[in-house]
Each structure stands twice: as structure tokens, then as C-alpha cells.
Amino acid sequence: MKQVSSITFGPCYGYLCFSAERPTLLRFTHHFKSHSTRAMASHIVGLPRIGPKRELKFALESFWDGKSSAEELQNVAAGLRSCIWKQLADAGIKYIPSNTFSYYDQMLDTTAMLGAVPPRYGWKSSEVGLETYFSMARGNAHVPAMEMTKWFDTNYHYIVPELGPHIRFSYASHKAVDEFKEAKALGLDTVPVLIGPVSYLLLSKPARGSEQSFPPLSLLRYILPVYKEVVAELKAAGATWIQFDEPTLVWDLDANQLQAFAHAYSELESSLSGLNVLIETYFADVTAEAYKTLTSLKGVTGYGFDLIRGEKTLDLINDGFPSGKHLFAGVVDGRNIWANDLASSLRTLQALEGIVGKDKIVVSTSCSLLHTAVDIVNETELDKEVKSWLAFAAQKVVEVNALAKALSGHEDETFFSTNAAAQASRKSSPKVTNEAVQKAVAALKGSDLRRATNVTARLDAQQKRLNLPILPTTTIGSFPQTIDVRRTRREFKDKKISEEDYVNAMKEEINKVVKLQEELDIDVLVHGEPERNDMVEYFGEQLSGFAFTSNGWVQSYGSRCVKPPIIYGDVSRPKPMTVFWSSLAQGMTKRPIKGMLTGPVTILNWSFVRNDQPRFKTCYQIALAIKDEVEDLEKAGITVIQIDEPALREGLPLRKAEQALYLGWAVHSFRITNCGVQDTTQIHTHMCYSNFNDIIHSIIDMDADVITIENSKSDEKLLSVLPEGLKFGSGIGPGVYDVHSPRIPSDTELCVKIKNIIKVLENNMVWVNPDCGLKTRKYSEVQPALSNMVAAAKYNRQMLRRSD
């Protein structure tokens, strides 16, 4: 392999830019000394696919808007893939993944591969094309999208397969083979990555019209023939390794589910003959039973484990590892942005080497680097000391290679010394600790803060003040962020316009949003959040203990990218954050304006969180800061305050034994934020895009007055558990339409949805609202959709009055 003194992604992206002036800087920033021309035993589970400057996002949205062709989109994608492969090879990575790129989501790619397209999309048995693919992901003018939910406990989302007993699978997307051949043509041998057959089925749901008790796992024998076809093509194309991602092995699986893994790989054994097979797990420990099943699978060459979030797996390896097999040791964190403690990781690797053998250990990431930002070299404004503590995806590749070299006896002493100095700096820096905050959190020990009055009495007091109609209407918070709004924010940030001009522009936008809602006759209004870049970043920028990036984008789903804040120190609120804008909006209308806040658990789970103290301590710090903001909003005359917690379930540990502890401090954190307000102040919360059915009791324990929750995109399955809310008595707003699709629901369709909701819930509990915020939609979609929603609510009000 050719040795290079410096490794860069930059030139690869030159032709991808949408303007000649756009800089493209993605580079591995360490200069290695040449010790050997042989690639070390190193592996990357997966990499970010969006591009260093979100090239994929812009290409996708241009294509969706009809501004560019499919060929142009495919050219951008090909450029991104080839650049990543070449630079991993130049970095000395031995096992380079392919088929980890996706236009939207790898689970959706697998659905296409299996020809598991729901009938409503009108697909006929052939290769699944982009039109069908994106219709499944986003819906179209005629049919809604498939359900989207969180990928395990991350902020990434996947499209949930819909499988029924009568489905017929067929090999309908050759993407895995095509991309392997694409890399091969560049002179690169890659490891094709497939979502494993068992995990695919366990992550699926029963199709519409099927019995909800139908187990998708029962379809295992029907999908294996397609996997065999894919494997045969990969072998014919020259593949020597193949990686099956089976992340569900970290769940608490029953005997039947574990047996499915044994059956699947026994059935695939003959097809896999001649290939080296890696089974990759991530995000948590595997149980002793799962470890035994995994290490007994037939035809498997190596096993990948997350040794960052799965430290207990080390004990299982110590107790016995199958002779002659490879251990892909995930010692570099793929979920966070802190620099690896190289000395500690090297000690772990050396201990493992003594168990599995020197030539059988492979240094790897704990999971795909999809969940990290792309490259820290693009961050020119970060505090230098804080920056020295960080490693984004490009730097983590360097860490993997450095550890592999050190394990082989070629430690780069300068690199390790610099790393050790950064670790020491972080432990001793005064930027990290605030004694007053630490004392305030310590005072919470053993407390159980909550509002003194029960929710029924509070709702009565609030209704006397607010005088809302039955089936009150509202939205979730954000309104479309137009090009003009984004440009104004950017110009203010770049100091191209004055603060006065900025405030006037935002005031004009807020007034437009308020007047539109009045014209639509919505009952509880929002100010539209034009001043906010992101629901977490906006608050983090105003809290101490946070750092921010310029280009630290991470994919959330499809073209949607977020820029998570970095929590590096103790958190506090120096001054009010939202009171000015909420008060401004309230002065424009006599209808109640909701004060809009992001809750502490969501800020925590959607940030890169410090790993030098327990997460609950950081969450309590954020909760106390939000509590100050809630009380200032109340003092300013805001009578309805929404504290969003869409990420509550996202942080739920994957292992059941650990869930109660998390839910305890997470729910308490939410209650801390509003425990001091008056009974007449109505507290809302909002949740979306997770499966909340199994934590409904914890949601009730949050003690909010009104809960608005995603329901429409998930086929209204939430309605089956909402009667639990009757035991609590809060207002509940199950979302009536999916805001992540351009499709505009009719008033007739929405009437039916509201009618179905009030069949399940008491009339005086129900709120009518969309699934989520409207930030990503256009006004041409939002205005008719909300008009239809209000009309449907009014129609159902009339029907209820007639029936009284």
C-alpha cells in the first residue's frame, strides 16, 4: 500500500461542489511516519455519508425539488463513496466497508434489496428505482410514507419495514454488489456490509391489514434465499469478506429469537463457504446467552463488539473466545466526539491479544462513525483547548490506525504523547467545573420534585383562565424556515446586518406567523421560532458549559442533518433565553402564545455529552437551567409553556435491567423544570418518532398538563395505549398528520382521524395538532394542511355538540 505523509479527503470532493467557491476540507490530520507498507489489522464499521459540507443533503433536496436529475444525484453519491474508500485505504485501514452509503437509510436499502415494497406504492416486480425508494421514505401526493423511528438509542432514524404473512420477497436492488464493484474498479477490496437477516426482521413491524400480533421473524426462511443470491453475486464479483450487522444481538432476546440466529447462519453456511464472515454488534453489551449463540454460529470468521458501551462483554471474552476466530475490538467510540484515551485502549487491546492471539485481533470502531461529525479540521473557531479534547470521524480513523500500529509494535510516541497531554488538560481545566452548579445538583439528591396540585385540579384552573373550546387546536412550535429567514440569521451571525435590523426582520416574520394562525382560527398559537437554528443548538448557545461547531453536522434521517452541541463542562443559564421573543409574540395577539423550550433530557440526548461524570448529573444541571427559564416566562405573562422531550425514549438503555434507573432520573429532570409554576400555568410537552408504548407510565409520571405526541406516521398505533392516559387525566394531542411528508391531508381524512381519537379518549382530553414541528415544510404545504386540520376539528366539535 502506498504510504503518504499526510492524508486528505479534500480533493476528492472538488467536482461535487455546487459552486466553485465552496471549500471542501475533509482530511485526516495526523502525519504518520512510514513503518510498514502493509495495512494494519484495522477496521471501520461505517462512515458518515453526508459529505464534509453536507454535499449529499444538497444533492438530495435539489433532486426532490426537480432542480437536478437522477444522474446528477448519482454522480454526487459516487464521488462521495469513492473519496471515502480511497482515503481509508490511504490511511492504512485494512477492512474498508462498502454498501454503508445510503440515499436515505440502510434499513430502507435492505427493504429495497428484498423487494419488500408495501403494495400502496404500486411497485411491480423489477429493480426498485429512486421514485419508489423515495416514496417509501417520504410519501408522495397520493400515499403516506412508511413509519420512521429511532435507530436503537441514537438520534438517527430508520424506515420501519412493513411485513405481512403474504409478502413475496425478491432480489430487487443490487446496490451492495454494485458498490462493491464500484470500489473494485478503483483498485480497492472492500468488505460489503449487509443488515443481517434476523435483525432486519426483528426491527420490522406487521404490515397494514395484518394482525398486529403477526411476528415478522416468522418470515426468516423466505428472506434467506434473497440473501443467498446477494452473497453469490458478491462472491462472483471477488469479495473475500462480508459483514452482517446484527445489532439486535444486544437486546434481551428470548430463546426463539436466539435460535433464529443459529438457524439463519446455518442455512447460509454453504452459500458463505469461501468467504470470511464478520458478524458485527454495537451499542451495548451482549448477554451471556447471546454471546454463546453468536460465537457458536456456523461459517463465521469474526465477531465485532462495542467495547465502549459494552464493557461487560470484555468479561465474556475473558471467560472464553473461540479458537482461531477474529475479534474486531470496538475500542474507538463511534457515538461521541471525545478523543480516545489511547494509552488505556492500548492496554485493553494488549490484554485481548493475549486471549485471542496476536494475528486474530482487529482494532475497530465501536459502531459506525455515522453518529459523529465528519472532520474537526473544518472547525476554525472552536476554543483551542476544547478542540484538543475532541476527535471527529476523520480523527477517529487516525486513532484506529494509530492503535493498530502500536499493537503491532510501531507506536507513534509523539502522537501518543500529544494524546496523553490532551487527556490531562481536560481533567484539570477550570473550564469544566462550576462549584455553584455542582452544589445545586448535589442538593437534589434524594428529592422528588413535582407540582403540588394534581393535574385534574390544574386543568380546571387553566380552563377558567384560557377558556379554550373542546378539541383545542395548536401546532408543535416551529413554522417553515424560509430562505429569507435563514439568510437573515446567517447575516446577523456574520455581522453583516445590525442587531436592530435582525430583530425587526424576526419581528416581521413572527407577526406573519401569528396573523396566519389567527386567520386559520387556531386556538393556542406559537411564534414560529424564526430566530432558532435548531431546537437544541439554540439553547446550548445560550448556556454555559457548551461548545459549538461550524460544520459538525450529523445525519438524523434522509437529508435532515443536525449539529449537536458539545457539553464539555458544568451547565448553567447566564440570562433569559426566550422571554424576549415569546413576550413579543404575545403582544401581537389576545390568544395564548406558547413559550417554547427544549427539555433537559432532549438537550442531553441530542448533544455530544461529557463522559467524565454520570449523565444524570449533567441532565440535572440542564434541568435547573430550564427551570429558571420557565419561571421567567411565567413572570412575563406567558400562560402556556411547552417543554419538548422528543428524545426521552431515545436515551432508554437497550438492556431492560438498566431502564428503570434511566427513566427515574429522566422523568425527574422534566419535573424539576416546572415544579415551581402556578396551577394556572399550563405545561405542555411533546414527543415524536419513537415507540412510546412501553414507557407510557413514565410519560404519565412526567406530570405534564398536556402531552402532544407523534401518532400519524406510526399508523396510529399509539391509540392502543392512550387509554392509560385516562388514569392520569392530562390533555393528550395525538398527531393527526405527518409533517415529514409533502403530502397535504384532506379535511375528510383528518375528520376520520380525529373521530377515531375521540372514540378512545374522553372528549375534554383531546387536543388537535400535527405530529411534529413545521420547520422543514413549505408554506404552500403548511397553510392548506392546517386549514384542513382546523376544519376537521370544528366539524367534530359540531358532531359532539349534536350528540350531547
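Glycine too: its Cβ is placed from the backbone N, Cα and C atoms.
Source: prediction; values computed, not measured.
Per TrEMBL, the feature domain 'Cobalamin-independent methionine synthase MetE N-terminal' maps to 42-354. This prediction places the mean pLDDT of the domain 'Cobalamin-independent methionine synthase MetE N-terminal' (42-354) at 96.
If you look up TrEMBL, you'll see Lys57, Asn155, Arg560, Cys561, Trp606 marked as 5-methyltetrahydropteroyltri-L-glutamate binding site. Within 10 Å of the C-beta atom of Trp606 (5-methyltetrahydropteroyltri-L-glutamate binding site) sit 24 other C-beta atoms, taking all shown protein chains into account.
Per TrEMBL, the feature domain 'Cobalamin-independent methionine synthase MetE C-terminal/archaeal' maps to 471-794.
Sequence annotations record features per position, and here TrEMBL assigns L-homocysteine binding site to Ile476, Gly477, Ser478, Asp644. Annotation for Gly477 (L-homocysteine binding site): same-chain Cβ neighbours under 8 Å, separated by at least 6 residues, are Val526, Glu529, Met535, Lys594, Met596, Gln642, Asp644, His686, Gly773.
Every protein chain considered, the tally of other Cβ atoms within 10 Å of the Cβ of Asp644 (L-homocysteine binding site) stands at 25. Under the heading L-methionine binding site, TrEMBL lists Ile476, Gly477, Ser478, Glu529, Asp644.
Among the features that TrEMBL reports, Zn(2+) binding site is placed at His686, Cys688, His697, Asp701, Glu710, Cys772.
His740 (active site, proton donor) is surrounded by 24 other CB atoms, counting those within 10 A of its CB over all protein chains shown. What TrEMBL records for His740 is active site, proton donor.
Reported as a whole number, the C-alpha separation between Ser478 (L-homocysteine binding site) and Cys772 (Zn(2+) binding site) equals 9 Å. Every protein chain shown contributes to the tally, and the Cβ of Ile476 (L-homocysteine binding site) ends up with 25 other Cβ atoms within 10 Å.
All protein chains shown were included, and the count of other CB atoms within 10 Å of the CB of His697 (Zn(2+) binding site) stands at 13. Using His740 (active site, proton donor) as the reference Cα, a 10 A cut-off selects Cys772 from the binding-site residues Lys57, Cys688, Asp701, Cys772.
Here L-homocysteine is bound by Ile476, Gly477, Ser478, Asp644 per the record. The longest Cα to Cα distance in that group is 12 Å. Checking each of the binding-site residues Lys57, Asn155, Ile476, Cys561, Trp606 against Cys772 (Zn(2+) binding site) by C-alpha distance, the shortest gap belongs to Ile476. Within the set of binding-site residues Ile476, Cys688, His697, Asp701, Glu710, the entry lying nearest in space to Trp606 (5-methyltetrahydropteroyltri-L-glutamate binding site) is Cys688 (CA atoms).
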